[in-house]
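Taken from TrEMBL as is:
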- 32-51: transmembrane segment (TRANSMEM)
- 71-94: transmembrane segment (TRANSMEM)
- 106-128: transmembrane segment (TRANSMEM)
- 207-224: transmembrane segment (TRANSMEM)
- 244-264: transmembrane segment (TRANSMEM)
- 284-307: transmembrane segment (TRANSMEM)
- 313-336: transmembrane segment (TRANSMEM)
- 356-381: transmembrane segment (TRANSMEM)
- 393-422: transmembrane segment (TRANSMEM)
- 482-519: region 'Disordered' (REGION)
- 495-511: compositional bias 'Polar residues' (COMPBIAS)
Amino acid sequence: KAGNGHAEGPAAEERGCRGGLRGCRGFLRRNALVLLTVSGVVAGVALGTAVRRASLGPAQVAYLAFPGELLLRMLRMVILPLVVCSLVSGAASLDTRSLGRLGGIALAYFLGTTLLASGLAVALGFIIRPGAGASALNDPRLGLSGDVPTSKETVDSFLDLIRNLFPANLVAAAFRTYATEYKMLLRNTTSGNVTWEKIPVGTEIEGMNILGLVLFALVLGVALKKLGQEGEDLIRFFNSFNEATMVLVSWIMWYVPIGIMFLVGSKIVEMEDIVLLVTSLGKYIFASILGHFIHGGIILPLIYFAATRQNPYRFLLGLITPFATAFATCSSSATLPSMIKCIEENNGVDKRISRFILPIGATVNMDGAAIFQCMAAVFIAQLNNVDLNPGQIFTILVTATASSVGAAGIPAGGVLTIAIILEAIGLPTNDLSLILAVDWIVDRTTTVVNVEGDALGAGILNYLNEKEKKEKEQELKEVNVEAVANSKSEEETSPLVTHKNQVSNTTSTADPESKESVL
């Protein structure tokens, strides 16, 4: 017996080791993409730091960035079919009542969180005062670009937003957006004075009109649902197209770690003098990133917990790959494919919810951008020694919330909307070159907070949808129980039922032939 015990000991240990190895292998297989993506970011920083010492020219830096550029091109390639097909199939799969209810909740969530983000940024701006201590801002080593976005009238900006909701040409909307530009006309007045007049002129600029495509896809989905039997073939087509696009996304995802490594590495090599940049604009960078950390790490998870009573950090843990993609690409639109894939597979969010709400969120919900824009407005005001009054603060909040809706989901897309805010409160736009100098740093955390807000919104909607479904099932069960109870009481009282029972009893005792004849 003792010999057997000694023999069993090593065997048990061996089994335990095998079990541990199997568990470790399973963990690595499940989280391979996450681990590779995080490794890609770390390797990118190491690569950039090592290559930086070699003093590469612009051509060599462009070659270094080529694998990263390929990743961005692949992600942008699938955005159009993904947004249109997912929204058409999502809108067609939900009934009109659910669509209206979920749409209303999503709109309230998006507006509420963006207003909270704007308020937080303005408060932090007044507490930290990033513009008060800014120095050495005219140093040429900062690499400030002289190209500042042309300022646009606030009214024209909002009119452009509405015009883009209704594109004149759907094919052109896939690659062009409507924008107002200005033409200066010389006018002679009756008194003989010569005046210049600014006339708004409509033009088409490069860039996908995502707002127009989102609205069209939603309305088309609802229309196909209304058609009933006739629209089912087209709905199936969009569903198949959507699934095929998701398969493409799953293949592209395995290239993400390589692309991220070269994107981060090339960006570090491109930097001018990071020490000088941080010392001169350090307070602005710190205030912006602190705002993103508070909103993304505390406020949004608290909203999720209050709505669902579930751990928000466990939910966010399944989305490390999209967050790393957002950090590297600085584009919420480019992060959309990986976000849809991970939120469905890792967090179990219903496809109908994720494919309906995430494309809208990537277009409309810009919490990180609202923080970045408000902080920039307060920073420039302090830089010019302008004390903001309550009216101007209210204008900043409203304009930032509204203009973040139309902010392009591309790198540096928020800088254009800062010009709108500055125009609205009467501040000069020539200081925007300072914001552009540090935009590549702040834009990374901005994009991460943007996509986090979309993901938690999808999680809240999924929870509310599941809850409503369970309540309906409970009601149906109660109705069935009542129906059974009523039928029993009828059996006790109704002579017709007793007569039927008697017939059934007689047939049950008889042979099969007699059953057949009775039937």
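Quick reminder: no glycine exception, Cβ is built from N, Cα and C everywhere.
The shown structure was predicted, so the numbers you read here are calculated from the model rather than taken from an experiment.
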Cβ contacts the transmembrane segment (106-128)/the transmembrane segment (356-381), at least three under 8 Å, sequence gap 6 or more: yes
Intrachain neighbours beyond the transmembrane segment (356-381), with Cβ under 8 angstroms and 6 or more residues off its ends: 82-83, 86-87, 90-91, 94, 99, 102, 106, 110, 113-114, 116-118, 120-122, 124-126, 130-131, 134, 210-211, 214, 217-218, 284, 287-288, 291-292, 295-296, 300, 332-333, 335-336, 339-340, 343, 387-388, 392, 396-397, 400-401, 403-405, 407, 409, 413-414, 417-418, 421-422, 425, 427-428, 431-432, 434-435, 442-443, 445-455, 457-458, 461
Folded-back contacts onto the transmembrane segment (313-336), same chain, C-beta under 8 angstroms, at least six residues removed: 33-34, 37-38, 40-41, 44, 68, 71-72, 75-76, 79, 82-83, 208, 210, 253, 256, 259-260, 263-264, 301, 304, 342-343, 346-347, 358-359, 362, 366, 409-412, 440, 443-448, 450-452, 454-456, 459
Spatial neighbours of the transmembrane segment (284-307) far in sequence, C-beta under 8 Å, 6+ residues away: 109, 113, 116-117, 120-121, 124-125, 128, 130-131, 134, 278, 313, 315-316, 367-368, 371-372, 375-376, 379, 434, 438, 441-442, 445-446, 448-449, 452-453, 456, 459-460, 463-464
Positions whose Cβ lies under 8 angstroms from the transmembrane segment (71-94), at least six residues beyond its ends: 102, 174, 208, 210, 213-214, 216-222, 224-225, 231, 235, 238-239, 241-242, 245-246, 248-249, 252, 255-256, 258-260, 263, 325, 329, 331, 333-337, 340, 351-353, 355-360, 362
